[in-house]
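This report concerns only the one structure given below.
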């Protein structure tokens, strides 16, 4: 689950992180009121969407009057913002953040953190190259990225934060400010189950103060049950409609750009299924894992999700019966096909627990379902059916 910039800044501020002040506005009138509250001279208006690249897409602008503030807010609110991180439809702009103008600044830095799977620790990354995508820095000048692994038994130590501050070229009071900021960010990361954290840019102002001008936070969705306050702030309008529906039925669904829908039980088998579809010249339309303990109802909902994607021209169902029985899956497939009125080709591969009974149920259903004898056979058949 991602947070908006205004939500991320508010959360970090609770942990002592100095952030650029801003006021949320959901209308042009509120934007004008916010502009005047911030001094009425200069302000920065930022579209609140779950996507990077807002500045280049016209989602960030400096305004110098209340008329400009109203005009720009009107241009953004109620529209979709398309950036390099969104699809062609973009993300809906329901609000804007009217921020204090902190420019000019002396320098722009970068500070971020993730859970590093290889070291199994929270790893901080910092760079003198703030204001640009960290992926670009990693590709072109990786030597400019400073990394610090945090031992979970003792947490972030002050000396580690000081070492990063020195490496960033900070001096005097800036070092103390940075140590406080990094310590607060780590505490926020751990206590709120962050999956991702970024301050980009972390600006050094002309008076020497350090300030988080932008903030990005991703929360581990598996931890939302113990973060009720954060879960309540979830903006579902920013999420893929099918992925959101899938989460309600505990289905792991990720929309892709192909035309062959996939329904599989098990993440590893799902990835292998997508790979073999591509091997035979097809393009998967989704990743969908119904889980090891799939129920009949969940399978029906999974089928509905796949077919809700208008780009789907065929469906491959690949089930290995371990905990879940293949005959139950077969009954669910039949119920779904009858309920949804499927018009695209459907290829089914069943293996394992009650696979023969499942195949028999499908064969006797009278529906246009093609059975497959193996994974390669299934992929070959669905690709051929879609290509016609």
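Backbone N, Cα and C atoms are what each Cβ position is placed from, and that goes for glycine too.
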Candidates 265, 286, 373, the one Swiss-Prot lists with 322, 323, 324 as binding substrate: 265
200, 214, 265, 322, 324 filtered to the binding-site residues whose C-alpha is within 10 Å of residue 55 (ATP binding site): none
Which of 323, 324, all binding-site residues, has a Cβ with the fewest other Cβ atoms inside 10 Å: 323
Cα-nearest neighbour of residue 46 (ATP binding site) within the listed binding-site residues, 200, 214, 265: 214
Binding-site residues compared (200, 265) - highest count of Cβ atoms within 10 Å: 265
Rounded Cα-Cα span from residue 108 (ATP binding site) to residue 324 (substrate binding site), Å: 53
Cα distance (Å, whole number) from residue 322 (substrate binding site) to residue 200 (Mg(2+) binding site): 46
Maximum Cα-Cα separation (Å), residues 265, 322, 323, 324 listed as binding substrate: 10
